[in-house]
Protein chains: 2
Amino acid sequence: MPAPRQVNIAVLGAGGVGSCFLSQLSSLSAKLSQNPSTPTYLSLILLSRSKTMVYNDAFKPINISDWKSIMEKNSKPALPLPDLADFLAMSPEKVVLVDNTSSQDVADHYPMFLRKGISVVTANKKGFAGSYALWQDIFRAASNGTGQGGWIFHESSVGACLPTVSTLKDLVETGDEVRKIEGVFSGTMSFLFNNFMPAGGGGGSFSQEVKKAKDLGYTEPDPRDDLNGMDVARKLTILGRLVGLEIESPTSFPVQSLIPTALENVKDPNEFMAKLGGYDGEMEKLKKEAASEGKVLRYVGSVDVEKKQCRVGLEKFDSSHPISALKGSDNIFSFYTKRYGESPLVIQGAGAGGDVTAMGVTGDLIKVLRLLPQRQ
Amino acid sequence: MPAPRQVNIAVLGAGGVGSCFLSQLSSLSAKLSQNPSTPTYLSLILLSRSKTMVYNDAFKPINISDWKSIMEKNSKPALPLPDLADFLAMSPEKVVLVDNTSSQDVADHYPMFLRKGISVVTANKKGFAGSYALWQDIFRAASNGTGQGGWIFHESSVGACLPTVSTLKDLVETGDEVRKIEGVFSGTMSFLFNNFMPAGGGGGSFSQEVKKAKDLGYTEPDPRDDLNGMDVARKLTILGRLVGLEIESPTSFPVQSLIPTALENVKDPNEFMAKLGGYDGEMEKLKKEAASEGKVLRYVGSVDVEKKQCRVGLEKFDSSHPISALKGSDNIFSFYTKRYGESPLVIQGAGAGGDVTAMGVTGDLIKVLRLLPQRQ
């Protein structure tokens, strides 16, 4: 019987996704320690929040269920990232770094962590939707790229726990040809257009629906951070790169912003919301145009792989199209491939939320645990 | 830099799925041998078809691209399965057994192969939808169960390459509670009812639609093998067991057969087809009943996890329901869970066909290759 395994876990970020993850880690840790054949012991050995960190030089475990009060009592100033990488590399056990932040700075250091043998799991889009040079650097370092370092998984960087990243990777690795990717990749945009123009008719003015989405917490504090389309563009960048396109950045292809030009530079989000109604005419015109063709408007991302064209913006869909039938704030991803032919492989469901995002990260952690060599 | 890895592959079955798999294996093998950091060499060391086998005692590789003529020229009588297990266990390299048959006998021997350290990947439902004792035996032997033996993966046993099995496993392993599973799990039943009662109205008589499906190759040679519902019941058994239900067998819960009782014992399939029209009245009545409620009829499987109830048969759905909107012969799987709430995680697309079924098997092989220890 193999000896029990010990794996050390370092968690960056303890906000919405981070706190859900810590709760899932606590259950997972209890479950894995009970595995009758090869018990695995997970130790939380470092936890960071904003500019503070809890850790100790002996890699002694932090009681996960008590993390909040421990952070309050025992925090030290956060280590700079290169020092953090050096510190984790000294661990006598394998280390998995769980990045629950949305920090570009952390993402920029993934290659450094990976090269030191530290595996990374994350929902953070920044490492995969930033510059193409960073994407290359990450997968040149990782064992599931062409490198020799740690493993890296990022299922939740697109559509939370919906199996989008892993499915696309499987299609490519098994030799299928992905021809087109299309879908609604933003819960906010989904909710907004499902209400602005439901397939059955109806819906309020565009500014009213933006206000409704904001009041219900479906938008960022400044709704322009959703309406500019960059969140969708980042996800599309990741999906496109997964199928082999060398997309330079999320701003290197056309992204239609829904922010009226005149309101782009308004400083106060409240002022923006107050003035948005004055620009409802343009969206109303598009809505009428679509309705006259028996179609509905949806905000979609698409990749035409053969033509190497990415696009994010408004499109019209027949009311019988699955994209038109989307409900609530659900995401939908359609993968058109050579082997699937005319009828795409479709994945649909909630693409945001603390628990389902953390679940993707926890799933990735389980994958890494399986891949780390067992002690003999 | 780690030394190149060598993994031996034994393939059982070279029919529809098997021949597609061999073609995918040939491409995969070429690709993996080119991996700049850790080249992996896959050798096909055994291939069986019906009662014959090609192999040699030195585990010398068979040229994959030439498998057909090699089988014709060099076949020997197939080894009995226990002898096959002993033979493969003598391989100096790790072995993956690829079961592309639909044989119960092969499935019954999975625990034996696994205990000898041989990993198994397969689209064969029989090991997972047979007796519960076999299911337990398999996962008590496998390293991804509670055992120490080989790894076993069976993505394509439900919905071909659609990521159903892996997604359910991820949900359970990360601590989500799956509450209900519902969907159309049979391409034949999907095609039949999408045509018999399209959401927009229309459709021929039931016997006409069965004939159409048969003529287009969507049914088994004897359509009763689809109409009895057992294919759906087997898939439901697998899904239910994945979420923890101890389902005794696919006949231990209600399965509605669409074969008129009077025609169950008709021997000749052609005679069955000729007589089926005489029983169209019952299905016509159900169709009218559904239509009067503004609904459509679909043949679905469902698992109510809390009540531990499985059911396979006809159900009525509102025409706005995603199950009603299914097209062609597509499958749909809806997973209702605690974390996903009201809106399920949905996976949809082709759930049958040689290429997409083999693709699931190839994907599983890649997973096993990652998990097999690297030479140092």
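Keep in mind that glycine also has a Cβ here, set from the backbone N, Cα and C atoms.
What you see is a predicted model, and the numbers here were worked out from it, not measured in a lab.
Noted in TrEMBL for the protein shown:
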ACT_SITE  B:K235  active site, proton donor
BINDING   B:G13, B:A14, B:G15, B:G16, B:V17, B:G18  NADP(+) binding site
BINDING   B:T101, B:K125  NADPH binding site
BINDING   B:E220  L-homoserine binding site
DOMAIN    B:13-144  domain 'Aspartate/homoserine dehydrogenase NAD-binding'
DOMAIN    B:163-366  domain 'Homoserine dehydrogenase catalytic'
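Annotated features taken from TrEMBL, shown on the structure.
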{"residue": "B:G13", "record": "NADP(+) binding site", "Cβ contacts under 8 Å, 6 or more apart": "B:S48, B:R49, B:D99, B:N100, B:T101, B:S103"}
{"residue": "B:A14", "record": "NADP(+) binding site", "Cβ contacts under 8 Å, 6 or more apart": "B:L22, B:L47, B:S48, B:R49, B:W67, B:M71, B:N100"}
{"residue": "B:G15", "record": "NADP(+) binding site", "Cβ contacts under 8 Å, 6 or more apart": "B:R49, B:N100, B:T101"}
{"residue": "B:G16", "record": "NADP(+) binding site", "Cβ contacts under 8 Å, 6 or more apart": "B:G354"}
{"residue": "B:V17", "record": "NADP(+) binding site", "Cβ contacts under 8 Å, 6 or more apart": "B:N100, B:A123, B:S156, B:G354, B:T357, B:A358, B:V361"}
{"residue": "B:G18", "record": "NADP(+) binding site", "Cβ contacts under 8 Å, 6 or more apart": "B:V11, B:L12, B:R49, B:N100, B:T101, B:A358"}
{"residue": "B:K125", "record": "NADPH binding site", "Cβ contacts under 8 Å, 6 or more apart": "B:S102, B:S157, B:V158, B:R234, B:K235, B:I238"}
{"residue": "B:E220", "record": "L-homoserine binding site", "Cβ contacts under 8 Å, 6 or more apart": "B:T188, B:D226"}
(request) Give the sequence-ordered set of same-chain residues, not counting B:G13, B:A14, B:G15, B:G16, B:V17, B:G18, with Cβ within 8 Å of the centre of the Cβ atoms defining the NADP(+) site. (result) B:S19, B:C20, B:F21, B:R49, B:N100, B:T101, B:G354
(request) Please list, for the domain 'Aspartate/homoserine dehydrogenase NAD-binding' (B:13-144), how many residues fall into helix, strand and coil according to DSSP. (result) 63 helix, 26 strand, 43 coil
(message) For a quick check of understanding: among the recorded positions B:T101, B:K235, which residue's Cβ has the most other Cβ atoms within 10 Å?
(response) B:K235
(request) Look up B:K235 (active site, proton donor) in the DSSP assignment and report helix, strand or coil. (result) helix
(message) Could you tell me the mean pLDDT the prediction assigns to the domain 'Aspartate/homoserine dehydrogenase NAD-binding' (B:13-144)?
(response) 96
(message) Helix, strand or coil for B:E220 (L-homoserine binding site)? Use DSSP.
(response) coil
